[in-house]
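Notes follow once the structure below has been shown.
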Amino acid sequence: MIEVLLVTICFTVFPYQGSSIILESGNVNDYEVVYPQKVPALPKGGVQNPQPETKYEDTMQYEFHVNGEPVVLHLERNKGLFSEDYTETHYAPDGREITTSPPVQDHCYYHGYIQNEADSSAAISACDGLKGHFKHRGETYFIEPLKLSNSESHAIYKDEHVEKEDEIPKICGVTQTTSESDEPIEKISQLTNTPEQDRYLQVKKYIELYVVVDNRMYRNYNSNRDAINERVYEMVNTLNVMYRPLNFFIALIGLEIWSNQDEINIEPEVAVTLRSFGEWRNTTLLPRKRNDNAQLLTGIDFNGATVGLAYVGTLCSPTQSVAVIQDHSKRTSMVASTMAHELGHNLGINHDSASCNCNAGPCIMSATISNQPFSKFSSCSVQEHQRYLLRVRPQCILNKPLSTDIVTPPVCGNYFVERGEECDCGSPQDCQSACCNATTCKPQHEAQCDSGECCEKCKFKKAGAECRAAKDDCDLPESCTGQSAKCPTDSFQRNGHPCQNNEGYCYNGKCPIMTNQCIALGGPGVNVSPDECFTLKQNVPECGFCRIENGRKIPCAEKDKMCGKLLCEKGNATCICFPTTHDPDYGMVEPGTKCGDGKVCINRQCVDVQTAY
C-alpha cells in the first residue's frame, strides 16, 4: 500500500461573529470567520514516503473550533466520484456535438467525518479554499471561502442562519405510488429474508449516473461551463454521502451541457418534460453513452411548488430510469437533496407516510423536499427499497468498476477494492466487517473472503451452493464453485426456449412479448392489437413497414407482418402505432418476439424457431 500524506489545517477563529453577509450560497445572517493555515504532518514514524505527482492529497485532516470547541475533520478523496470512462459533452454554436474525456481523477472532492463522533459526515470541495458542509453533534454546518482580497478567511455557519430564498415548501411531483407498495410497511417488516436474499442485499451496488444541464440553467450561470461543472461535481459528491448507508456508490459517468439549445422540449409541466427526457435518453443518449440512470437539471420553473419528478421503481429501464430536477437553490446541497429524492423513486421508494421517521432530522423521501444535505432514509424507505431490489433485481447496478480501471493510487479505507487490496470495508471507525482488516485491507487471520454471494462467515461457500436463483423463465440458477467468493457470471436459457406459458420464446435472457412492448411504449392499460390490425395497416406508410432503406419505408411481406411496426390498443383506440423518431428501431417489434406458433421475428422476418438460432 502507498503511504498517504496527512495534512493538518489549523483554523484561527476571528474574534467576532459576522452579522450578515452575501456569500456564493446566499445571504447569511450569522457566521463565524476562520483562517485556514495548512500545516504538513509527517506520517507515523517521521518518514515521508514519495508521493505521486498530484495536485490534491488523497487524505487530509482539518483542525478548527466550532462554537469554541476544537474538532478534527478527517477527509478522504472520493475516488469513486467519476467513472473510468467519464466524458463531458457540450455543443458548438453550429450545433456540433463536442465530447471530451478530461483528466478528472486528480480532483478535489472529499468525504469525511469528525473525529470521535460516530454519527458524523462531511462533503467538502477543496478546489479553491474549503467549501461544503459537515455534521457535528447532530447539527449541519457549512463552510465557504469569503473570497476577500489577500485573505484566506472562510465563513462557518448553520442552515438556520441562511436567508430562505422563498417561503414556499418545495415538493416532488410524484403523486401515485407503485402497486407493490400497497402492502403496509408493518407487514413488510415482518417478512424474513432467505440467506441468499440477505447476501444479495449486502453486495455493494453501483449506479453510473449521467447528468444533463439544460440551456436555461447554462445561461443562468453566464454560459460558464467550468462553473456548471463544479456545481454538478459538488452535487454528486453530496449525493454519494446520502446513498452510502444503502450500500450504493454513485459514479458520474458523463456530464452534458446543452450549450447551444435544448435537445428536447422543456416545459413547465414537469410530467411532459420527464417523458420527453426519457425518450431522449433511450433514442439518443444510450446508443452513444452507456449509463444506469440519467438526471436532467433545468433552469425552468416548474408549475406550482414542484421541483422534481421521477418514475417509481424503474432503475435500468431505457426510457424510465430518469428524473428531472429544477435547479431551485443557490446551495448545491439543497439541489443534491432533490436529486437524492428523485433517484430514490427510481429505486422503488415512495414518499414516506406520517408514521415514518428518521430518528432526528428530515427524511429524504418526505413529499416535501428537505433543505438538509445530511437527511436520511427512513426505516420505511429502507424496507421498501430492499423489497424492490429483491423483487426486480435490476442488473445494471451490479456492474462494479474493475480495480484496473481506477488510475489513482490505492487508498485503504475508501470502500473500493483496488490494486494490492483483497478487501476494503472503509475506515477503522466505519468498518462493519469481521472478515476484513480495515488497516491493511487484507482478510483477517484464516479468513478466505470478506464479501460476495459465495462468501459466508469469512469462508468460501461449498461448491454447488446456489448463489443466484433463476429470476424468470429465461434465466438459469448459478452455483458457487467453492474456490471464489464471487457468483459465476449470469447465464440464461437457450434462445428459443418457451417462456411465460408459451406466450413467447427466450431471446438473449429475456422473454420478448408484444403486450409488454406496448406497455413500455404507451404505459399501463395498453395491449397488443388484434392480428387483423397488422394486415389493415400494411397500406398505411407510417405503420405498415418492416424496414427503412434510403429513407423509404419498405412494406412487410404478408408472412412477416407481425415483425414490423408494433401495433397496440388502449380502450376504444385500436391499431395504434408509435411515430418513428430518428431511431429506426423505435416502435418496432423487438427481435426474438413470437410471431406465430413455433415462429419468431429475426431481422424483421417471421422464421421457424428451430432454424432461427
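Using the three backbone atoms N, Cα and C, a Cβ is placed for every residue, glycine included.
Per Swiss-Prot, the cysteine from CYS435, CYS436, CYS449 that shares a disulfide bond with CYS423 is CYS436. What Swiss-Prot records as N-linked glycosylation site, among ASN527, ASN572, is residue ASN572. If you go by Swiss-Prot, CYS577 shares a disulfide bond with CYS543, out of CYS511, CYS518, CYS533, CYS543. Partner cysteine of CYS412, as given in Swiss-Prot, is CYS441 (from among CYS431, CYS435, CYS441, disulfide bond). According to Swiss-Prot, CYS467 forms a disulfide bond with CYS487, chosen from CYS449, CYS487, CYS499. Candidates considered were CYS358, CYS380; the recorded disulfide partner of CYS356 in Swiss-Prot is CYS380. Other than ASP475, LEU476, GLU478, ASP490, the residues of this chain whose Cβ falls within 8 Å of the Cβ centroid of the Ca(2+) 3 site are, in sequence order, ARG468, ALA470, LYS471, PRO477, SER491, PHE492. In the set CYS316, CYS363, LEU476, CYS568, CYS595, none of the recorded positions has a C-alpha within 10 Å of the C-alpha of CYS425 (disulfide bond). Broken down by DSSP into helix, strand and coil, the domain 'Disintegrin' (409-495) contains 0 helix, 15 strand, 72 coil. Here the Cβ of CYS458 (disulfide bond) has 19 other Cβ atoms within 10 Å, regardless of which shown protein chain they belong to. For CYS480 (disulfide bond), other Cβ atoms within 10 Å of its Cβ number 24. DSSP gives CYS506 (disulfide bond) a coil state; it is part of no helix or strand.
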